[in-house]
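What TrEMBL records for this protein:
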- 214-319: domain 'Fe2OG dioxygenase' (DOMAIN)
Ligand SMILES: O=C(O)CCC(=O)C(=O)O
């Protein structure tokens, strides 16, 4: 395993290069099997940024929660957060405390990077060993499926795991400073949401954070996703269906272009309508494990389109990577036995890094068998 994680199994092709080559038909490696392709009605290019449609995900105003003291994390907002985590596993937050100017500046800085010629970006080409830098695939399996997107991945915390300077783009130079500030602000938001999620389970507000190894132990990383225009969006995906392996994800979606779809309770794909200056939050696999599946880490995927490129900034808030995680004792009983066996996040994330995005197969594979509880 260690060896196969050193290098990519095939030469890396930048999706931006394929898109800009002017091909009318996309190469076969990007074509998804028919049952994974997006339905035609989901391919509308440009988002209308007003009120989200009834069919989108819940919107939660965090204003009152932000103003509350730590001891007073309860009430309607907490209930709304818990209800969303139990139901769809996804929600949008507004009045979340992060300055809209910072959100827009981060997005623009990274747009600046992705608009550079590919030759200027190649020096940051990433390797599967750490994923840090400029990438165009996730799994290391030879011949594995490829998605219609390039990305940039970096670690922001804890201090010991922070990506060294060599991994940061120097053009635009502001990417680093802005992303670090953004990381600190969104981390504060994650800590608040962790408190609300804990209270919504009926345990004390600090419990989930404690399981994550405390605020200083939590890992924070960012992936900036860049989805170029695609001549045949009906055949492919920008990111295949997956659930997020970590704790929680806070997504800054493109302000103009839709693309994110979430698996609804009935198995249907729900297209998210992002509202201006909001974040899209979702539960990751580690919170599903810790809450013994009270909170759901839900499959999602990204569609692309012919008329517009799309950029999103995903910040992943993760548990300390060397702690074995299992359902919290308070949520386990004779009637509700532990659904998952313990595993560290370091071990867990190797799966997605090896196999690429594969629906919910990973967290399912962690299910404890009756004889090993
Ligand atoms: O681009 C998006 O809207 C979603 C990205 C995502 O799911 C991810 O980075 O894991």
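Placed from the backbone N, Cα and C atoms, the Cβ positions cover glycine too.
Whatever TrEMBL says is automated annotation, not expert-curated.
Secondary structure of the domain 'Fe2OG dioxygenase' (214-319) per DSSP, as helix, strand and coil residue counts: 13 helix, 43 strand, 50 coil. Per-residue pLDDT, averaged over the domain 'Fe2OG dioxygenase' (214-319), rounds to 96.
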